[in-house]
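The structure appears right after this line, and notes come after that.
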Amino acid sequence: MSIRFVYGRSGTGKSKFCIDEIKNNIDKKLDFNKLILLVPEQYTFMTENKILHEIGENAFFRTEVLSFKKMAHNIFEEYGGRVKEIIKESGRNMLIHRVINENIEFLDYFNRMSREQGFNEIISEVISEFKKYNISIDSIRAIDEKINDAELYQKVKELMIIYEAFNLKMHENYIDGDDELTLLDKKLLESSAYVDSEVWIDEFTSFTPQQLDIIKVLAKRCRRVNITFCIDNKSLNNNSEDITDVFNIIKSTENKILKIMKENNIAYDKPVNLNNAIPYRFKGNLELDHIEKYFFSYPFNEYDKNPESITLYKASNIYDEIERVSKSITSLVRENGYRYRDISVVCRNIDDYEKIISVIFKDYNIPYFLDKKIQLLSNPLIVLISSAFEILLKNWSYESVFKYLKSGLTGIDNSYIDRLENFILEYGVKGYKWTSKEIVNEKWFRGNGELTDDKVLIAEIMEEIRYPLMTFHNKVNGKHKVKDICSAIYEFLVDVKVFDRINEWIKNFEELGLEDKVKEYSQVESIVIDIIDQAVDVIGEERLEYSEFFRILSSGFANEEIGIIPVALDQVNIGDIARIKGRDVKVLYIVGINDGVLPASKKEEGLLSDRDRTTLGEVGINLSSTTRNKVFEEQYLLYMALTISSEYLMLSYPMADFEGKSLRPSIVISRIKKIFPNLIEESAIYDLKILENKFGKIIAPIPTFNELIISMRKDFDKEYIEPYWSEVYEWFKNNDEFRDKVKNIFKGLSYSNIGDKVSKNKLRKLYQNDLEKLVFSVSKLEKYAECPFSYFVQYGLKAKNRKVYEFTPPDLGSFVHEMLDSFTNKVREDGVLWSDLSNEKCKEIISNLIDKKLMDESNSILNSTKKFKYLAQRFKRVISKSVSVIASQIGKGEFEVFKTEFDFGSYSSGEAITLDLNDNEKVYLQGRIDRIDKLDLDGETYIRIIDYKTGAKKFDLNEIYYGLQVQLLVYLDALIKNSKYILDKQVKPGAILYFKIDDPIIKSKKEMTDEEVEKEVLSALKMKGLVLKDARVVKAMDKDIEGYSLVIPASFKADGGFKATSDVVTEEEFRILREYVNRKMIEICEEMLSGDIKIQPTKNSNIAHCEYCDFSSICQFDTEIKDNKYKIIINKSTNDIWNNIKKEIDNSNKLIKVENEEV
C-alpha cells in the first residue's frame, strides 16, 4: 500500500512507462489483480487506443482505462450507491433560481443582483467550486467570526444560505454531478473495490480535493498507486515555492500528495526519474529537444544551426494562416508519408478559427476532427422553442416570427415563407394584426382594393402559422405553475409535429454520411425533454410569469453541449491547447500566437475576487487559483504545447483579424527567434516552400484552380508565369467538374462591366406611355446624368426595392409637400394674407391639417406605433416652423404666391415643355413646381420659382454644367416660354430658389432675445439659388435688406452694388443658362434613347453616386475592373463654368448655322 512518483519533463516517456509496466504485468502474469490506468476524462478514448496498439486486445481482460467520473459510474453499477438521477446543468440552474426566490428575504447583498441575466449560472459555478474543494456548510460556518472584511462576510453569509438550501432541495429528487466523487469516496470505503490492484495516474496537472480523497483511498487499499509528474530536476529539488516557475503547478500538486501520505501513513516507494535519460520523444530531433530544454530556461543556449523541423510563419490574416497550414499538411502527407492522425492543429481561441478551418480544409480534402463540444443554442429545435416564447414576449415582431419560421421545423414551405416575408415587411404586420379574429376581414389587410388570390393565400399561411402559436400563448400567458407551462411546451411541439420532422432529418443525415449531425439531432430531442422534465421536478409547483420561466429555460439551453467522438481514426486533430496532452503527435501546428491570446491574458475574477480567495485561504477555506496564478499556469500550457510534437513544429500568427485590425505577435515569437537566430520567418511574400519548389502551388484541385486563375490573370496582363501552368490548364479543361469553370475564367479575364447597348425600339417600349409618347420628368433625366445604368434599371426595367413598412425620406418629402399645399389652400380659402400669419396661427393650421390627415387615414404608418406618432408630432414642429419662416419671407417682400404644387408639361395640355431631338423625335418633359411667386413692377411681371427640400440641397453651377441640377432652370424656361398660357402675360425671371424644410437648432454662448433668435432662424433657413441682378427686384424680395438679406442669397455694398458673395445673374445670363440646360436635356435624351446604358456613376469630390444607389449589387461597379471608371465632376471656378457654357452655346449655334446653310 504505497505511492510511487514518476518524474520526467515533457517527452521523456512517462505515459509509455505506465503502459510498459502494465504490459509487463500482463506478459509475466505476475498476478491476476486489476490494473487501472486513470487519466483525465477527455483522454480515455485515446489512451484505450494506445493500449490496444501497444499491448493488444487481451490487455482489457485485466486493464481498465478510467477517468474519475467513469470510475464512479463503474463502482455505482457494481456496488450501488447512486439511486437517483444526476441533475443536468439546466435543472441545477432552475433549482438555484427556486432557492434564491424562496430565500430572497434573507439576501441583501445578492438581492438586486439576483434579477440579472446569468446570475444563476454564477452561483452554480461557486457551488460547484465549493463541492470540488470539499467546502461544507459547517466549514463555512466555522469561519464566520474570522472574516474582518464586511463585504466578504456578507457575501459568504448569503452564499452559505443559498448553498445549504440548494443541497437540501437537491437531495429530494436528484444527485448533483459535483457530488459524484464524494459519493465515490464513501462507496470505496464501504466496498472492497480495487483491493490489491495497481493504479497508474497519468496526464494530470493538478487534482481537486475531491480527487485527492479518491487517491488517498486508492493508496490505502491498492498494492501501489503510480502518479506521473511532468517536472524537471531543478524544480524537483527546489523546496521553495516559485510562482514564476513553469513547473510550479506540478510541484504544488506533488506537495499536496506528500502531505496526504504523511497524514495517512502511506508508504513512499522510490520514485522513477526519467529526466536522466535522453528524452524519448525527441530522439533524433535536436531542434525540438532544444525548445524543450531552453524555451523557459534563463540563461538559454542559442541553436546555431539552420532549423529544419521548425517553421515560423507570419500570416497576413487568419485565412492566409490556415491556407499555409493546409498546404503544409498536404505536402507532409503526400511527400513525407505522414498519416493525418499524426498531425494536430491547436490554438487558444478555437472559436475564431473553427469556421475558417472547416472551409479551407474541405477545399484541400483534409479530413479532420474538431475536439470541441457542440453548443445546442443554435439547434433548430432550441430556436423553435425560444422564438415561440419571443413571439409572445415581443408582440409578434418581425424578427421573432421569422426566426421561428426559418427554424425549418414549422412545416411551412420556404417559398410561402418568402412570399409572407415580403407581405409582412410591406404592411408592417405585427402585434394585433397577427392575432385579430379574422385576418381576411381586417381593414389593414383588405386595404382599398379587391381581395386578390395572393392575399387569400397569405391569409391562409398566416392562419396556419398563428393557430398553434396562439394556442400555446393562451396556455402560458400570465402567471402559471411551471409544470403547466412545460406541458404546454410539449403539447405545442406535438401540434407542430416537430419530432416527426427531426426524425426525417436524421434519416437524411444518415444517407448523406453526416455522422456529427446524426449524433447532434439524435440527442437534442431527449435533451430538451429532459430539461422540461427536470423543470417539472425541480420547480414544477412554482408559479411564474412566462417571461421569467423563458429566462430560466434560455439559460438552461445555453449551457447544453454535446460531446463528439471521432468517426474515423485517420484525421487531423484540431482543438484547444489545453486539450492537446495525451496524444501521440508527430506534427504540430500552433496557430494564432498573438499578444493576449497565447499565453492568454488575465481572466475575469468571478463572484469571489482574488482578494476574497486570498482572505478565505488565510482562514482555512482553500479554493481554486487566483487569476494571477492562472496567468502563470498558462506558461505550463504553453510549455506542453511547444513540446508535444516529436518530429515537426510550425508556429504562426496573423497580422490582422477579419475586420482588418492589426494584431501583435506574442512574446512567444520573439523568444523563439532569440533561441533560434537562424530561423527564417516566412510569410506570403517569402514562402520557402514555394521558393524551393516551383510546383509548390499545385496541391489539391480547388486551391490549385484558384492559383490557376491568378496565373492566367498574370498571363493576360503580359506578366511572367511558370510554363507548367499550361499543363495545369489542360488538366482542368479536360476535367468534367472544372470544364465549365475554366470557360468562365476567360469570360472573367475579358469582362469589362460597361453595360451593353439596348436597341432603340426596345427602349421606346420601355419608356413610352400608354399613348406611345416619350414622357420624362426632369428629375429622372438628372438621375440619368448621375448614372445611365442606374436610370435604366430603375425606370427602364422598373426594378424596385422590396417594399418595407417604414417612413422613408421620399415619404417625408411627399408628406411635407402635401401639407404645404394644404396649408396654402387653407390660407387662400380663409382669405388670409401670408404676411398676416403669426407663428401661433401657423402652428394651429399645420397641427389641424396633420391631425385631420391621420384621422382620415387610420392605416397610415404615422398612426402605427408610439415611435411614428412621435414623428408625426415632430413633423408638426418642423413644418410649422418652416411655414412661419415662409410667411415671414413673403411678408418681407412684395412677391405674391401665384401657384403651389403646379403641374406642367403634360403633352395633352398645351405641351408646355417639348424637346425636339435631332432625329425628329419629340420628348415631353413633366414636372411639378412647389411654388410660383410673381411680382408686377414698373409694367413688368417677374416670377420666382421655389422648390421645397427636406434634405440639404445647395445650388451648384458645377452640377448645372454636368446636367445634375437642371430642374429649376427647366421650370423657369417652361414658365417663360408658356407665360401667356399660364399667366396671361409675358414674364421675366426673378429668381430660382431652394427652401429647406427644417426646425434649426440655434446655438449661442450668450443669452438671446426672441428677436435675435428669430433672426438666426431666418438666417439658417435663408433660400439658396440664383436671383436676378436687379436691385429693384432684390428689394422687392426683402424690403428690410440692410447690407445682406435674411431671405435670399444677395447682399449690397455701401455704394449700392452687389457683393461678390451674392448669387445674382443678369437677365441675359438667365437666358444663357436656360438655353444651355435646354440643350443639355436634348443631349441627355438623345444619349438615353440611343440605347447607351453605360455603367458610369458620377463622383463629386469624395462623394460617389454609388453610395446612395439601390442597385449597386446589380451593376457590381468596381474601379479595379477594366473600363469601370467614375465620371468625375471637376469643381471649376464660377468664371470657368460661365466661359465653358457660353463657349458650348456659341459652338452649337455655329454648327446649326452651317447645317442650315447646307440645307
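Here the Cβ of each residue, glycine as well, is placed from N, Cα and C on the backbone.
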Legend entry - One of Cys347, Cys486, Cys787 listed by Swiss-Prot as binding [4Fe-4S] cluster at the site of Cys1106, Cys1109, Cys1115: Cys787
Legend entry - Residues within 8 Å of the Cys787, Cys1106, Cys1109, Cys1115 Cβ centre (excluding the [4Fe-4S] cluster site residues themselves): Phe789, Ser790, Ile1095, Pro1097, His1105, Phe1111, Ser1112, Phe1117
Legend entry - Residue pair Gly11 (ATP binding site), Cys787 ([4Fe-4S] cluster binding site) - Cα distance, angstrom, rounded: 68
Legend entry - For the domain 'UvrD-like helicase C-terminal' (279-582), mean pLDDT (0 to 100): 88
Legend entry - For Ser10 (ATP binding site), the number of other Cβ atoms found within 10 Å of its own Cβ: 21
Inset, instruction - Would you pick out, from the binding-site residues Cys787, Cys1106, Cys1109, Cys1115, the residue whose Cβ has the largest number of other Cβ atoms within 10 Å? - result: Cys787
Legend entry - Cβ neighbours within the same chain of Gly13 (ATP binding site) - under 8 Å, at least six residues apart: Leu274, Pro279, Tyr280, Arg281
Inset, instruction - Can you see whether DSSP assigns Gly8 (ATP binding site) to helix, strand or coil? - result: strand
Legend entry - Output field, ATP shell: CB within 8 Å of site CB centroid, site Gly8, Arg9, Ser10, Gly11, Thr12, Gly13, Lys14, Ser15 dropped: Cys230, Leu274, Pro279, Tyr280, Arg281
Legend entry - Cα proximity to Cys1106 ([4Fe-4S] cluster binding site), best match among binding-site residues Gly8, Arg9, Ser10, Thr12, Lys14: Ser10
